[in-house]
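This report refers to the structure that appears directly beneath it.
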Amino acid sequence: MPTNLNFEMARSLVGFTVLLLFLSICESASFFQPISDSHRSAAVELFSPDHGSLKSLEETYEALRTFDVLGIEKKPDVTATACRLVSETVGSSSSTLKNVFYALKANSIVKCKINDKAYQGIITRLNAAVDGASSLPDFYYSVGGLVLVKGSKGDVHLADADGIFRSVKAFRQSDGRWRSSSSNPESSAFAAGIALETLAGVVSLASPELDQSLISTLNNDISKLFDSIEKYDDGALYFDDKLVDGHDHQGPLATTSSVVRGLTAFAAVTDERLNIPSNKILGLANFFLGIGVPGDAKDLFNQIDSLACLESNRVSIPLILSLPSTVLSVTKEDLLQVNVNTVLGSNAPPLTVKLVGVFTSGSKAASLVESQELVFDDGTGMYNLKNLPKSIDVGSYTFVFEIVLHELEHEKIYITGGQKKVPIFVSGLIKIENAEIAVLDSDLGSIETQKKLDLAGQNAVSLSANHLQKLRVSFKLTTPHGLAFKPHQALLKLRHESKVEHIFVVGNSGKQFEIVLNFLGLVEKFFYLSGRYDIELAVGDAVMENSLLLAIGHIELDLPEPPEKATRPPPQPVDPYSRYGPKAEITHIFRAPEKRPPKELSLAFLGLTFLPLLGFLIGLLLLGVNLKNFPSNAVPATFATLFHVSIGAVLSLYVLFWLKLDLFQTLKLLGFLGVILVLVGHRVLSHLASTSAKLKSA
Amino acid sequence: MGKLWLICIASISILLPFLCNAFSPETPTDRRVLVLLDDFAIMSSHSLYFNALKSRGFDLEFKLADDPKIALQRYGQYLYDALILFCPSVERFGGSIDVAAIVNFVDSGHDLIVAADVNASDLIREVGTECGVDFDEDPSAMVIDHIGYAVSGTEGDHTLIASDDFIKSDVILGGKKIEAPILFRGIGHAVSPANSLVLKVLSASPSAYSANPKSKLSTPPPLTGSAISLVSIVQARNNARLLITGSLSMFSNRFFRSGVQKAGSQIKHEKSGNEQFLTEISKWIFHERGHLKAVNVKHHRVGETDEPALYRINDELEYAVEIYEWSGTSWEPYVANDVQLQFYMMSPYVLKTLSSDKKGLYSTSFKVPDVYGVFQFKVEHQKLGYTSLSLSKQIPVRPYRHNEYERFIPAAYPYYGAAFSMMAGFFIFSFAHLYSK
């Protein structure tokens with residue numbers, strides 16, 4: 001059956017992890033504190049209408065019950081809302097059985113006014129429901145409802161109690177667990193709790209007494225159920241249903257709570273003493289107390305309600321030994337105080353608390369003190385140990401206490417759980433003396449420089465050494481009782497400028513602590529980094545009240561140059577703040593414009609360029625240039641005019657080219673003008689040539 | 001027809017849960033978180049933390065870490081947006097989850113919260129290593145601080161630490177200063193100096209060290225002082241966010257509700273800073289803070305509104321981008337004064353801080369450099385705690401066209417003048433030469 005095996009493995013693994021986790025949660029409190037004010041403030045916070053709870057009757061009942069148990073004054077608005085809900089539910093015939101049940105439960109706390117007629121209606125309804133019930137919850141709600149009605153009216157009884165008892169018992173399984181209905185094959189401890197509570201109701205409602213043999217068989221079932229109880233390492237016991245289908249899985253708290261409710265209800269109605277070892281009851285109480293303050297309204301209700309059931313149960317009432325403080329200071333002469341309460345924090349019966357022994361943690365040596373009784377202080381209600389025994393110095397100890405009840409009768413009612421081991425830290429001021437720091441010469445061990453240190457105040461030693469020398473730091477620690485003290489943390493730290501750190505454990509011989517750093521052997525470890533090293537000394541322990549972390553000063557180290565193959569120092573973390581942040585702005589540097597002469601100069605030279613033209617014109621005038629050769633005939637004159645106009649056009653085209661035209665436009669126009677110019681020019685020039693030839697020949 | 005619609009809607013609503021993805025600007029809400037536990041008792045002992053998440057709209061699904069049915073993805077689709085590992089002692093995950101699956105989950109942009117504890121399993125340590133942190137290798141080591149411990153009547157071994165060495169970042173820890181120290185009990189880890197993505201959010205004090213409190217210290221502890229990180233975060237390059245801590249109990253109701261007094265300090269705080277610290281940091285982890293998006297990147301020449309295909313050298317241009325930050329419910333304008341724009345070709349030619357109008361719009365104007373080539377507008381915004389913004393847009397820059405140069409240069413007037421005076425002379429000369437007698 002591989003699947004089965006897997007399942008078994010998973011189960012055991014879950015159990016194991018549950019255990020580990022639970023330990024890690026409440027490791028700090030290896031003894032359990034009774035209910036305290038933190039539960040009260042949590043209850044007020046969790047069960048507030050604006051927190052979203054108190055919507056249904058069930059939640060309203062849970063709130064009322066928790067407030068009731070914790071002794072919190074009910075807020076008027078909660079009571080009013082509850083009463084409104086209760087009367088609505090009770091008065092209406094359409095409300096579900098579950099709601100009627102919780103309405104009656106809430107009513108048993110707030111005591112609303114319900115008229116007789118409504119009660120009669122409910123009794124008939126519930127009786128009918130009992131007769132027609134087919135599943136465990138149906139029986140639970142209807143029988144429970146009748147019990148509650150009996151509580152306030154007093155004249156309710158079941159006619160066929162035997163029959164109902166038998167039909168409820170039909171859901172029983174052989175292992176002590178119960179099924180919730182005949183169609184559901186899964187049996188659970190959760191259902192067992194409900195069944196026990198229902199049967200307790202049946203017993204109390206039976207008008208002729210029930211057959212005792214029926215009840216005593218049930219006693220056996222309860223013992224069987226307790227065989228399946230699970231255990232944490234610290235002594236807490238709980239029930240858990242490991243269902244394959246986590247669908248309606250209730251969780252250990254709800255399951256255990258259900259069993260406790262059923263068990264105490266059943267114990268209350270039966271005359272027989274239930275056959276349950278009383279330390280199991282203590283284990284259950286430890287389970288509920290170990291949870292601390294739940295953050296969920298339902299969990300808080302389950303915890304508080306179960307503890308309330310245990311507080312007044314008929315099997316055995318657990319007494320919880322707790323210490324307000326497990327850290328005692330020798331220097332402040334703290335009192336060792338012990339509290340013994342019931343789970344809800346109320347006073348215990350007369351008893352004596354004995355300190356049986358004190359053992360050093362982790363050693364098997366005999367007790368350090370003789371057995372003695374603690375003195376009861378009426379004012380605080382606590383048991384005090386006046387003075388810590390002389391033999392107890394600073395350190396961590398295990399104190400063993402025992403509760404002895406004064407009256408024999410009480411031993412049957414209460415369970416104290418035998419001897420109780422409590423780890424206790426005794427702290428004190430440690431004397432630090434002879435603190436010195438010195439630089440030694442390697443060969444001779446002679447002291448080159450030596451400085452005294454004041455480890456209680458400020459120090460700013462400045463030393464220098466090379467790799468052939470040694471650094472020695474020494475100090476002496478004594479406890480208030482004058483004994484040697486070995487702190488857990490005695491570390492010397494050298495930190496180079498580049499933040500490379502080196503840590504050394506300072507060893508001791510007796511009271512004297514000393515560390516000698518031989519730099520020759522440490523050169524490689526120091527990565528051949530010369531320069532300034534800050535020296536820090538940390539001495540601390542859990543029981544040392546004056547733990548210190550002290551910057552002693554610095555030492556300037558002169559180490560040889562690193563060889564080529566020397567290891568590089570490891571990279572140091574980069575400061576995250578400097579890694580981000582805006583970068584420096586960059587603006588582009590544009591090319592500088594070409595250097596140009598001033599405009600005036602250019603204009604002056606522009607004027608100069610026209611001077612030759614002017615000279616040319618003057619020269620022409622001086623030469624007496626005329627236009628006598630201009631053709632006189634109309635046709636050649638026209639061509640001559642056209643010729644010069646086109647020359648002028650080409651020249652102005654050049655001006656236009658400069659002003660706006662581009663090369664292609666210019667060339668296009670120039671081609672057109674050129675053709676005209678050539679044709680016209682040819683006619684004019686040939687005419688002029690022929691005229692001059694005639695003149696010559698004439 | 002009506003039936004068809006109904007089927008359509010039904011099938012969409014069935015498919016919807018399977019379509020969830022990593023945080024994306026389009027669908028930043030409705031996020032499903034898988035919580036893996038060692039034990040269902042954590043549900044009630046840590047319920048304040050879970051309720052804080054639920055009240056912010058997260059859909060938490062609690063499973064045992066060794067539940068054989070758990071899976072992160074189905075048919076290639078991730079079923080969750082984030083994973084919370086509150087199972088420090090699990091040796092092997094159930095179902096199809098293993099370290100590689102978790103790494104893939106993060107690599108595809110999903111968030112992760114890991115809480116280890118004393119005696120953390122190798123598996124959880126391996127997850128830590130994958131995230132870039134190294135837990136102390138000694139399985140029973142704890143962070144001990146004989147100076148910065150939390151004063152308590154019942155805890156004498158100084159492993160309950162009150163730490164207040166936070167990272168200075170409003171985006172990670174919220175704008176409200178955390179007054180009370182954080183209670184921490186668990187193992188320390190070191191952050192690799194080479195890894196720039198991991199940040200120490202909560203560091204131990206200089207007097208802390210990591211060792212087994214029950215055994216004598218004979219060798220120097222591997223982790224000491226403020227190099228010990230108690231809580232670290234990682235923001236991966238794909239903006240997946242991770243939280244790693246060595247304490248599961250710091251999330252517990254007990255620590256949330258507990259008062260705290262740091263040793264040596266007279267101030268007794270009614271409530272530890274754990275709730276505020278872890279709630280604020282979970283807002284960061286789940287992208288309710290510090291997640292930026294940039295939209296509407298625009299650039300154009302001064303005086304124009306259309307985006308040109310290319311710029312000419314020496315053009316004046318304007319650049320604008322809108323940046324918003326996710327607040328958990330809506331995109332709010334991102335206000336900062338260090339968003340920078342680079343005009344980049346091989347190296348930045350222009351790097352300018354954008355000016356903000358405080359409503360999310362960042363803009364600037366500058367002159368295109370007189371170098372032509374293919375440039376990029378780059379906004380590389382990296383800020384502690386914020387997602388990195390990396391925008392880049394390619395744009396070519398051309399030189400002047402031949403007719404875009406200056407046409408009338410005064411310095412050249414003498415040359416023009418000379419040419420034109422010669423032309424005028426030529427014109428007159430043509431008359432004198434042809435018709436003079």
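Glycine residues also receive a Cβ, built from the backbone N, Cα and C atoms like all the rest.
Sequence annotations record features per position, and here TrEMBL assigns signal peptide to A:1-28.
The annotation domain 'Ribophorin II N-terminal' is assigned in TrEMBL to A:35-311.
Feature annotation from TrEMBL assigns domain 'Ribophorin II second' to A:319-426.
If you look up TrEMBL, you'll see A:433-557 marked as domain 'Ribophorin II third'. Helix, strand and coil residue tallies for the domain 'Ribophorin II third' (A:433-557), in that order: 4 helix, 76 strand, 45 coil [DSSP].
Within the model, the domain 'Ribophorin II C-terminal' (A:590-690) carries an average pLDDT of 91. Marked as domain 'Ribophorin II C-terminal' by TrEMBL: A:590-690.
Annotated transmembrane segment per TrEMBL: A:601-625 (among others), in sequence order.
Marked as transmembrane segment by TrEMBL: A:637-657 (among others).
Residues annotated as transmembrane segment in TrEMBL: A:669-686 (among others).
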**Report entry** Residues from the same chain, set at least six apart from the ends of the transmembrane segment (A:669-686), whose C-beta lies under 8 A from its own
**Finding:** 631, 636, 639-640, 642-643, 646-647, 649-650, 653, 661
Report summary line: For the domain 'Ribophorin II C-terminal' (A:590-690), the DSSP residue counts stand at 78 helix, 0 strand, 23 coil
Report summary line: Residues in the domain 'Ribophorin II second' (A:319-426) per DSSP class, helix first, strand next, coil last, are 6 helix, 54 strand, 48 coil
